[in-house]
Amino acid sequence: MAAYARATRGLQQLLVLSALGLLATGAPQPPNIVLMLMDDMGWGDLGVYGEPSRETPNLDRMAVEGMLFPNFYSANPLCSPSRAALLTGRLPIRNGFYTSNGHARNAYTPQEIMGGIPNSEHLLPKLLKKAGYTNKIVGKWHLGHRPQFHPLKHGFDEWFGSPNCHFGPYDNKVKPNIPVYRDWEMVGRFYEEFPINLNTGEANLTQLYLQEALDFIRTQHTKKSPFFLYWAIDATHAPVYASRPFLGTSHRGRYGDAVREIDDSVGKILSLLQNLGISKNTFVFFTSDNGAALISAPKEGGSNGPFLCGKQTTFEGGMREPAIAWWPGHIAAGQVSHQLGSIMDLFTTSLSLAGLKPPSDRIIDGLDLLPTMLQGHMMDRPIFYYRGNTLMAVTLGQYKAHFWTWTNSWEEFGQGIDFCPGQNVSGVTTHTQEEHTELPLIFHLGSDPGERFPLSFASSEYQDALSRIIQVVQQHQKSLVPGQPQLNVCNQAVMVSGQSMYAGVCLCLATVTHLPDAGLIQF
């Protein structure tokens, strides 16, 4: 795989530079970049992916005018590590957005965790500044809430949004409501200055996020400077919300209302780009951070289409995402690419758009998708599915091998937490961690996208797929240097309240100095 990538990298860069006109004398400024990252939106939530209500006309039109990726993946089945992967182009096991104190435990950044994106990581906005970009994040950051992790310390010039999810309301005694920022200033808190009505689902946040995007685009257009807009809105994360004009308008309940408002907002953003005459110089990509949270279904959870389970799991429903690329005049309309894509590819592709090379001092997992989008090239590459520091599964071509299967514990399941409602597959959707490293469960995703019928261990098809996947895994593990884990959780029972609690969490993180085994698989 590495040899293939090295051999083709030079050709791809020449193709891309030629296609962009950057080889010519007096080349125009690089294109604007708009990355739209949804929160817990499922593969099956858009009409273009088969959602029967057909309530996403703008996103469906975006796909008709651009390129649809039916085989596009997150880097993790949870919000926070996925976002770290997008902005670094690296797997969470490399950039530190994982936990090592619980085997295969997912990890995110609640208020109690003191970790965040390390200074050693090169984030996309900071790199884009080298090419003259002005960068803005709208919505959820989720890469740490302490001052050293602030978005404006990592390359963004502007921010309107929050460091964490809109959970709450809290009592403001033991735990305050989560803040909302404009740049460095806290301008309010969820459920206070930015109300969310849990009874009706009414909140005006998506409209605020839309206006921030529109104003930023207009301002940067006036300044004639290239811009990067990271539009990371969260209306489809439970508790889902929508503004009053959209409440009650969907056949899919409150979740559908949120999707309809998002679709309307996407339409307004694309229309503005066209009206300003800059659509041909603006690359737009729409996707989600992980699969739909089926635990919140049916009222507040989305659809993962034909795929098994959802958010929190490394089955297809947890990590296969809707994905649309739009760039009029460059990406031919009505295209469907079966290239295996990853959210990490947005990092490398964005750098390529800016005429920049990815950092050479570290392994970058994202690929440059421009040759695929512009020339129709297909690249052979694996998809790695991690939970915590454990490699759970690998997809190569049409074949997916599970080395561990697990949804959640029997204890959680007994409490009504179900990441796979109505989708039990015996021996696959397990509530105990099941190891398959000796004989991985292998599925052919082309004929069995729901991961219900593993190949026979004795078949030649199984043996051939296993031999190729083993080589990929061994090569991956040979070069793997895990980052310092940022998301370990301490035992709250041994900690005291107040400032000393936070010191205890920091101590917990600081004392984890050894590198984890990263779920190494022995063959």
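Backbone N, Cα and C define each Cβ position, glycine as well.
Keep in mind that what you see is a predicted model, and the values were worked out from it rather than measured.
Residues annotated as signal peptide in TrEMBL: 1-26. What TrEMBL lists as domain 'Sulfatase N-terminal' is 31-355. Residues or ranges marked as active site, nucleophile by TrEMBL: Cys79. Annotated 3-oxoalanine (Cys) per TrEMBL: Cys79, in sequence order. Annotated active site per TrEMBL: His142, in sequence order. The N-linked glycosylation site annotation in TrEMBL covers Asn204, Asn424.
Looking only at the recorded positions Cys79, Asn204, Asn424, the one with its C-alpha closest to His142 (active site) is Cys79. Packing around the residue listed as 'active site, nucleophile' is summarised by its Cβ count: 27 other Cβ atoms lie within 10 angstroms of its Cβ, all protein chains included.
Looking at Asn204 (N-linked glycosylation site) and Asn424 (N-linked glycosylation site), their Cα atoms lie 38 Å from each other. Summarising the environment of Asn204 (N-linked glycosylation site), the number of other Cβ atoms within 10 Å of its Cβ, over all protein chains shown, is 15. Just so you know, the Cβ of Asn424 (N-linked glycosylation site) picks up 13 other Cβ atoms within 10 Å once every protein chain is counted. Per-residue pLDDT, averaged across the domain 'Sulfatase N-terminal' (31-355), gives 96.
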